[in-house]
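Record features, source TrEMBL:
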| type | residues | note |
| --- | --- | --- |
| BINDING | 12-18, 40-42, Arg305, 331-333, 413-415 | GTP binding site |
| BINDING | Asp13, Gly40 | Mg(2+) binding site |
| BINDING | Asp13, Glu14, Gly15, Lys16, Asn38, Ala39, Gly40, His41, Thr130, Arg144, Gln224, Thr239, Arg303 | IMP binding site |
| ACT_SITE | Asp13 | active site, proton acceptor |
| ACT_SITE | His41 | active site, proton donor |
| BINDING | Thr299, Val300, Thr301, Gly302, Arg303, Lys304, Arg305 | substrate binding site |
Amino acid sequence: MANVAVVGSQWGDEGKGKIVDWLSSRADVVVRFQGGHNAGHTLVINGVVYKLSLLPSGVVRPGKLSVIGNGVVVDPWALLKEIAAIQEKGVEITPDTLLVAENCALILPLHSAVDKAREEARGVNKIGTTGRGIGPAYEDKVARRAIRVCDLADEAVLEHKVEQLLFHHNALLRGLGAEELAKDEVLAQLREVAPKLLPYSAVVWKRLDEARRQGKRILFEGAQGAMLDVDHGTYPFVTSSNTVAGNAAAGSGMGPGAVGHVLGITKAYTTRVGSGPFPTELHDEIGDKIGQRGHEFGTVTGRKRRCGWFDAVMVRQAIKTGGITGIALTKLDVLDGFDELKVCTGYKLNGEVIQHLPAGQTAQAQVEPIYETFEGWSESTQGARSWAQLPAAAIKYVRRIEELIEAPVTLLSTSPERDDTILMRDPFED
Ligand code: IMP
């Protein structure tokens, strides 16, 4: 029996929520290992809608242990608000059911202020961030001046660390002619939130090690997607963490052998929010139709997502760089009723055909997709629960995708409903 990591293989929003929910019903522990409250998952369970950003999806299921690993950047105010909102729906969240790693770096109000101000100053060059302070918080973490969860319990260190943090940030604010931050104010914010957050603080690596030794099933829940990975994505139009499954180990305090099967959640077409290259983007009515049919609006920011054809080159790259062992193909039903469909099988760059997305910003913006065209299907695939219920043209589309991306389709999702899932293999049993 293996543990399972669920990661996005495109630019996020691949429909991880439903798959994670489906898998979390069969896991004992659900762990977030990177990102922060920039992620957005909507879960519908027995008609009740739960909106999650930072909490692991297992939190809504009784008897599961939910863990926020050290790789996550935690905004204590956002976390407490989310906990309260979920508790209001009758879900029990206590320090027995939710653990926050004591070595998580915190997102402070100054981080979201910096994030938004910088985006505005960038103008047309903006990244299109969620404005939640994710980037600035990770910057402080790697610069070794972050305030961490454990610091909230150590008054002497806290004061010194806030001084160090402001030494940096106030120098920048001064340079920009902006108002500086007062140490006492930042300290007061932290002292106020400390007693509310600290009960959840835990030695996560130890608890996960115990769980593993007891043979518990661990589900690692990724956020965003491979093309937003800070190393492997479309840099600089990326998020500030490693989104690939390799980070599930480091971001939770387990060894690489703990991760097990890596399920790459993959949309049957492509979308992205924010700025940056998108080779198969459609600027026509077909792109609009995909967006409308797929309800492609961001969960966190409400932004309209950019839509395009399936890019097999990019997904294959995500599979290789992320160690994805199988994919869950989602939203196939959105493609019902198109006369023809296209899949990108290579790129043209400066007159040459290439089979990968280059790292350079100019090259990424210049690659032209080479398409293979498929006959569409007029039948509905919505709600199909077996392979036999799919039209032949849809089967052909899926089979060709498997061939092109060099990975099997482990799961196929045909509607937002949890049970509308075709299971080819059980990832926990692989
Ligand atoms: P940040 O993570 O807020 O810094 O934003 C950096 C980039 O990642 C932007 O293009 C965002 O739109 C994108 N991004 C961040 N979180 C998500 C997500 O959960 N889904 C899709 N895109 C995301």
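Glycine residues also receive a Cβ, built from the backbone N, Cα and C atoms like all the rest.
A quick note: this is a predicted structure, and the numbers were derived from the prediction, not measured.
TrEMBL feature annotations superimposed on the structure.
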| residue | record | CB count, 10 Å |
| --- | --- | --- |
| Gly12 | GTP binding site | 30 |
| Gly15 | GTP binding site | 20 |
| Asn38 | IMP binding site | 27 |
| His41 | active site, proton donor | 22 |
| Thr130 | IMP binding site | 26 |
| Gln224 | IMP binding site | 26 |
| Thr299 | substrate binding site | 17 |
| Val300 | substrate binding site | 18 |
| Arg303 | IMP binding site | 14 |
| Lys304 | substrate binding site | 13 |
Query - Cα-to-Cα gap, Gly15 (GTP binding site) vs Asn38 (IMP binding site), nearest whole Å - result: 15
Query - Length of the line joining the Cα atoms of Thr130 (IMP binding site) and Gly302 (substrate binding site), in Å - result: 10
Report summary line: Listed in sequence order, the binding-site residues from Gly12, Asp13, Asn38, Thr130, Arg305, Leu332 whose CB sits under 6 Å from ligand 1 are Gly12, Asp13, Asn38, Thr130
Query raised in the report: How many neighbouring Cβ atoms, not counting its own, are there within 10 Å of the Cβ of Gly302 (substrate binding site)?
Result: 9
Query raised in the report: Looking at the binding-site residues Thr42, Thr301, Thr414, which one has the fewest other Cβ atoms within 10 Å of its own Cβ?
Result: Thr42
**Report entry** Thr42 (GTP binding site) and Gly302 (substrate binding site), Cα-Cα, nearest whole angstrom
**Finding:** 13
Report task. Calculate the distance in Å between the alpha carbons (Cα) of Arg303 (IMP binding site) and Leu332 (GTP binding site), and round it to a whole number. Result -> 22
Query raised in the report: Of Lys18, Arg305, which of the binding-site residues has the most Cβ neighbours inside 10 Å?
Result: Lys18
Query raised in the report: At the level of the C-alpha atoms, what whole-angstrom distance separates Gln224 (IMP binding site) and Val300 (substrate binding site)?
Result: 12
Query - Close binding-site residues near Val300 (substrate binding site), where close means Cα within 10 Å, chosen from Lys18, Asn38, Gly40, Thr414 - result: Asn38, Gly40
Requested in this report: Please tell me which one of the recorded positions listed here (Gly12, Asn38, His41) sits closest to Lys304 (substrate binding site), measuring Cα to Cα?
Outcome: Gly12
Query - Pairwise Cα distance for Lys18 (GTP binding site)/His41 (active site, proton donor) [Å, integer] - result: 8
